[in-house]
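Database features (TrEMBL):
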- 40-75: region 'Disordered' (REGION)
- 70-392: domain 'Aminoacyl-transfer RNA synthetases class-II family profile' (DOMAIN)
- E141, I142, T143, R171, Q185, D189, R329, Y333, Y334: L-histidine binding site (BINDING)
Amino acid sequence: MSAFPPLHHLLLRPRLPLSLRPSAAVPIRRLRLLPLSSSTATQDNADEVAEPPPPVTGTKMSVIDVNPPRGTRDFPPEDMRLRNWLFQNFREVSRLLSFEEVDFPVLESEALFIRKAGEEITQQLYNFEDKGGRRVVLRPEITPSLARLVIKQGKSVSFPLRWFAIGQCWRYERMTRGRRREHYQWNMDIIGVSKVRAEAELIHAIVLLFERLGVTSLDVGIRVSSRKVLQAVLQMYSIPEHLFMEVCVIVDKLGKITREEVEKELMIAGVSLEAVKGIVEVLSLKSLSKLEEVLGSDGEAVADLKRLFSLAEHYGYSKWINFDASVVRGLAYYTGIVFEAFDREGKLRAICGGGRYDRLLSTFGSDDIPACGFGFGDAVIMELLKEKGLVPDLARQVEDIVFPLDVELEGPASKVVSSLRRKGRSVDLIEDKRLKWVFKHAERINASRLVLVGNSEWQRGMVRVKNLSTREEYEIKIDELC
């Protein structure tokens, strides 16, 4: 048992001399409730903000809109805890597959993202001319930046490369659930491997991430196809090769616009009516065996897909994937197998997507290197986790609170805080509060211990400690506190 009075006897103890207490005459700034701005898609409640100071004579000041720009987000502490938790899972899965982390500037050259295949993304760029007259862009995706770095590194790197990145991307697009104008994206890319093994590894990473988050194959599936399927169909109808990328971009709109609108766009692009009907018919196939009947078993498309499904059996994730010929992905640089994860209830847009892009580097003036990768955004997966009740409760956690019981003990309290932090403990130093408030604060931040620095204990080289989970109280020598 403790030899000193229980801590609750200290609750009514004055914290400061009367002369040092805040005066009741000190004016309190009034709070003004602003209406919820229509320019944000990320806040559910209006914010309370302090009124600004009185304007300088002769000038007129107004309260700024405290909401972030439309389509963007603030990350207060509770949201940062969730974001960090998700990113930690991204990094852990990447570690499990022996990937190395890389990063790139958010601001890139506009030329890196301007292509001529009619991709929707090129119409959504945050692009402008900087003060030096250079055309720049806030990156809308990460893969071109990765390709640029691979080219820059040149012969200093040894292939294959297994790189991952977590970065912010910007697109000026229409906002829907899980779609914002900025988002964070986890990319994993394998550079220098031509075999389907690379795609199998990437899909394995996606499945591992879902499993870590508590998502099952009943919640999510992964649609798989190949750009080579569409290429084979175009060859069947003698459609010129230069139309291939444009056709891919158009047929990627299936499900987003009507079939009739897709057919009309294809004919405008120069595809015959007979070929349009054939393309749409093949893209409706959901069975790999039916695809084999149409294209034969000798083509690369069927061979690649059969190899991938065979590997999926060995990895143990075959129940997660299914063939869907309509998956072509909207970016022009894909050349082979493509895939995207979707929620089986159909409430959300694609959760992630990727594929093979063996000819991307040559579009930047380099030699081609086989490559594949995926992008996995933070917005849609968080919507799915909310839908499934899988968002963790990540309360703030602090190990120790140090509280000096008298003003003259603030220096000694600083020594205690410094010692604990150097030993690796997270410590919150509280001053100018009553003990009752300190206990409530400790509960709010889930503190493990309360360390009280009192006069009599300090003179004996001791501090008083209360374990806040067991309610045990004890004294301990300062140099033994850890």
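Even glycines carry a Cβ here, placed using N, Cα and C.
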Among E141, I142, T143, R171, Q185, D189, R329, Y333, Y334, which the record lists as binding L-histidine, the farthest-apart pair of C-alpha atoms sits at a distance in angstrom of 21
Within 10 angstroms of the C-beta of R329 (L-histidine binding site), the count of other C-beta atoms across all shown chains comes to 20
Same-chain residues at least 6 positions away from E141 (L-histidine binding site) with a Cβ under 8 Å from its Cβ, in sequence order, are F113, I121, C169, Q185, L331, G375
Counting across all protein chains, other CB atoms within 10 angstroms of the CB of Y334 (L-histidine binding site) number 24
Note: in the chain of T143 (L-histidine binding site), residues six or more apart in sequence with C-beta under 8 angstroms of its C-beta are N187, D189, L331, Y333, Y357, L360, G373, G375
